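**Q** Let me begin by handing over the structure; questions about it come next.
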Amino acid sequence: MSTELAAAPPADIAAFDANGAARGKIERPNLWIEQGSREFRRAGIALFLVGFASFSLIYCVQPLLPAFTAAFHVGPAQSSLALSLTTGLLAVSIVLAGAFSQGLGRRALIIGSMISAGLLNLVAANAPDWHTLLAARALEGFLLGGVPAVSMAYLAEEIAPSHLGKAMGLYIAGTAFGAMMGRVGMGMMTEFASWRVAMGGLGVLCLLSAFAALALLPPSRNFTPGAASSLSFHMRAWKGHLGRPELRRIFAIGFVLTSIFVTIFNYATFRLSGAPYGLGQTQVSLIFLAFAFGIVSSSLAGALADRFGRRPLLIAGFGLMLAGVGVTLAASLVAVVIGIALMTTGFFVGHSVASSSIGPLAGKTKGHAASLYLLFYYIGSSVTGSLGGWFWQHGGWSAVAGLAAALAAAGLALSAFVGAAAQQE
């Protein structure tokens, strides 16, 4: 963000928010990173690694929840705090990082946050008790806030608008790959070594990814770091974005998407490790291979949204999620796995399209808008992910699936309104 915008009066901020797309254009189009260029490839690889490393760290504990209940003598809902505290602090941190990266710079904040979080995962791996592990995971989540929103803002500022969907899809694909391999690797290493060895190994791997991203990520061209803006400026920017119905709907969609996704995976691990399936740690972790569908669908969805618009892709995504949740109600293990794969595909379609919708709607304060989207996104993960434990303990899988289905229906309704509003802008 330029220093001129940082000094703009409140009235100017309001005008920019009311006409975000028109006021948010870069006036020197020759500085865009175009698809097919060396810089586009370097940025794509770097942001893929960023997505991989950050989401491996965030979600690596998900397949370990049953192991935590045994090791620390806590219940399913309590064990979910190892993930919910991480995503909860992440949500708070994202808002701050998205704003203050305007003064610190996108690239430095992304890499610095990744390195710090990787080191904290090593601390969590050696935690002597449950409360120490939770504290390390919470701090790790807070430090990881410098990655998602700032990465989205970097892409929206640097990539040519006509290719933004594909670039955002590559980043989301990296998050899918990291989320998948982090979970699968955790399960396999835990069964053959221990969960402590698994978490420590992942911390080292993510540190290596951070240094590779540092070498590859092109410097910002359309962003000039300046002095940190006043709190009142940030408040006006956030208020302006929240005042736009189109952005509010996108934020709500982010909340619904991750609420369904995290709840299903959190308690699928308990369902599949118990009767009648009785799967081992490695076998349970293999359900996360469903993320492979997310890697493909996120990249494809971004490109299709650039061509056909957001509404049909969002509706398709939530439709797949609803269908997948329904299929998981079957008793057959094969049907449960197919249902999880359908739900996962729908999630990544929706998340890729919703993420790429933020930049064009946000104007110049893209970091603020991206941070608000991810705030709602991770609040959904934290609140509903833990709330699902109550449904699991009191109603079993049918109650968990009912909660997810109701949320998917709400997502379908929101998607229809997003499409209508988008056509009017």
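Glycine is treated like the rest: Cβ placed from N, Cα and C.
Heads up, here are the entries from TrEMBL:
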- 39-423: domain 'Major facilitator superfamily (MFS) profile' (DOMAIN)
- 45-65: transmembrane segment (TRANSMEM)
- 77-101: transmembrane segment (TRANSMEM)
- 108-128: transmembrane segment (TRANSMEM)
- 134-156: transmembrane segment (TRANSMEM)
- 168-189: transmembrane segment (TRANSMEM)
- 195-217: transmembrane segment (TRANSMEM)
- 250-270: transmembrane segment (TRANSMEM)
- 282-305: transmembrane segment (TRANSMEM)
- 317-350: transmembrane segment (TRANSMEM)
- 370-392: transmembrane segment (TRANSMEM)
- 399-422: transmembrane segment (TRANSMEM)
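What does the local environment look like for each feature on the list?
**A** Regional average pLDDT for the domain 'Major facilitator superfamily (MFS) profile' (39-423) in the model is 86.
Distant neighbours of the transmembrane segment (134-156): 43, 47, 50-51, 54, 57-58, 61, 81-83, 85-98, 101, 106-107, 109-110, 112-114, 116-117, 120-121, 123-124, 127, 164, 167-168, 171, 220, 223, 355, 358-360, 362, 366-367, 370-371, 373-374; these residues of the same chain sit at least 6 beyond its ends, with a Cβ under 8 Å from one of its Cβ atoms.
Residues of the same chain lying 6 or more positions beyond the ends of the transmembrane segment (168-189) and with a Cβ under 8 Å from any Cβ of it are 44, 47-64, 151-152, 155, 195, 197-199, 201-202, 281-282, 284-286, 288-292, 294-296, 298-303, 348, 351-352, 355-356.
Residues of the same chain lying 6 or more positions beyond the ends of the transmembrane segment (195-217) and with a Cβ under 8 Å from any Cβ of it are 42-43, 45-47, 49-50, 52-54, 56-57, 60-61, 64, 67-68, 71, 107, 110-111, 114-115, 117-122, 124-126, 182, 185-186, 189.
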**Q** Output the single range from 108-128, 317-350, 370-392, 399-422 maximising the number of Cβ pairs under 8 Å to the transmembrane segment (45-65).
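**A** The stretch with the most contacts is 108-128.
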**Q** At a C-beta cut-off of under 8 Å, are there same-chain residues at least 6 beyond the transmembrane segment (108-128) that contact it? List them, or none.
**A** 50, 53-54, 57, 60, 97, 101, 136-137, 139-140, 143-147, 150-151, 154, 196-200, 202-204, 206-207, 209-211, 213-214, 217
